[in-house]
Amino acid sequence: MQFLLNYAKEVGIEDYKVFSYADNQPILLLTWKGTDPSLKSILLNGHYDVVPADPTKWEYDPWAGTRTPNGNIYGRGAQDMKSVLMQYLEAVGRLMQAVKAGKLSAPKRTIHISILPDEETGGMFGAGPFVKSETFKGLNVGVTLDEGLASPTDSYSIFYGERAAWFVKIKAEGPTGHGSRFIPRAAIEKLSSVLQKAHAFRAEQEAKLNECDSHSCNHSHIKLGDVVTLNVTALRSYVPGPDNFDGFAVNCIPTEAIAAMDVRIPPHIPLKDMEDLLKQWTSEEGLSYSFYYKTPEHIISNTNQDDPWWSTIQSVFEGLAIPIKTEIFSASPDARYYRSAGVPCYGFTPIRRTPILLHDVNEFVNERELLEGVSVYQQLIYQLANNCKAKL
């Protein structure tokens, strides 16, 4: 946090606030006041936490920030999302220098940068409480930019929504008995029948995506964010037993079996339809489902031509002659919290011609693409901050 604050000061951002909603989870809020503070502000959102990395699987130390002769910079979080945080700071700093030198007029709208913890583990101590706070309300935010994904092509991807995340618990109950006998409709057998149906559905969704990776597909625009993914991430069922059997009573039929599923649902599929499937799969006696976590509704940001924020974003890329693709984010970034608070949010990582490596081994960005992204952000941030189409 001190590094980020020092860097912000180095580029010229002096207005800041540090606060938290949990111990060791600080939030840094930076502000560049516009000439008309009554206008809705621009918020650049990002997170500083990263996922773990196993150094033995990496070509370079994931915690060293190694730069190779071809300009690749390797490190955990290089794409997700330390690079974007640096691009925010550098772009705003350059704009401030240009205003100070008289090369640009000061932006009308106030620009905020929120640097948060806990995105990788759900946002309960970061974006979640932040968007509900009086601090956030006082920012008067009109539009938010958040992380996207690197792009392997010459175009940029901009994400206007994400799939609904459901963490589902499937519970099966049945009779017990001795492991030497045929026990009808035992809990594990019932759970297995649900998992067979779930995996058949999963295979259908995967086939839709894979078909569109081939030349024969008429819907080649379909991406991962356009299909449902379903993965069984945990299984539990046993009767406690001796340590030499790993704690299992292998000759006893358990009365309960539980599976956990991570389900992601794209906005074009009604959530009711997905829940109806869960009801069908668990309609047999002794089966039930519940939710560890459930996104209650689909919320997407506007990509219509008449939307003042989106039309500004489009015009910037038209002026740069850089193609963009609109997509649904396959995972659940902090953007969902801002959309749920009624603030349009667009996920954008200005790193192109780079493989998508977030959470992967040998995660890297190339300095050429990184610096190009700074220039792109300069124009995008400045145009959004001077957007006169949005009257609020």
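Yeah, the Cβs are placed from backbone N, Cα and C, and that goes for glycine too.
Per TrEMBL, the features are:
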type	residues	note
BINDING	His47, Asp80, Glu147	Zn(2+) 1 binding site
ACT_SITE	Asp49	active site
BINDING	Asp80, Glu120, His359	Zn(2+) 2 binding site
ACT_SITE	Glu119	active site, proton acceptor
DOMAIN	160-288	domain 'Peptidase M20 dimerisation'
How many other Cβ atoms are found within 10 Å of the Cβ atom of His359 (Zn(2+) 2 binding site), counting all protein chains shown? 16
Which residues, same chain and not among His47, Asp80, Glu147, have a CB within 8 angstroms of the centroid of the CB atoms at the recorded Zn(2+) 1 site? Gly46, Gly77, Met81, Val84, Glu119, Glu120, Asp146, Pro333, Asp334, Leu358
Whole-Å Cα distance, Glu120 (Zn(2+) 2 binding site) to Asp49 (active site), is 7
Listing them in sequence order, which of the recorded positions His47, Asp49, Glu119, Glu147 have their Cα within 10 Å of that of His359 (Zn(2+) 2 binding site)? none
Cα-Cα, Glu119 (active site, proton acceptor) versus His47 (Zn(2+) 1 binding site), nearest Å, comes out at 6
Roughly how many Å separate the Cα of Asp49 (active site) from that of Asp80 (Zn(2+) 1 binding site), to the nearest whole number? 9
Three-state secondary structure, which DSSP defines for His359 (Zn(2+) 2 binding site): coil
Cβ proximity for Glu147 (Zn(2+) 1 binding site), under 8 A, sequence spacing 6+, ordered by residue number, returns Gly46, His47, Asp80, Met81, Val84, Pro333, Asp334, Ala335, Gly347, Phe348, Thr349
List the residues in the vicinity of the Zn(2+) 2 site, defined as same-chain residues other than Asp80, Glu120, His359 with C-beta within 8 angstroms of the site's C-beta centre. Val50, Val51, Gly77, Met81, Glu119, Leu358
Residue, out of the recorded positions Asp49, Asp80, Glu120, whose Cβ gathers the largest set of other Cβ atoms within 10 Å: Asp80
So, three-state DSSP: helix, strand or coil for His47 (Zn(2+) 1 binding site)? strand
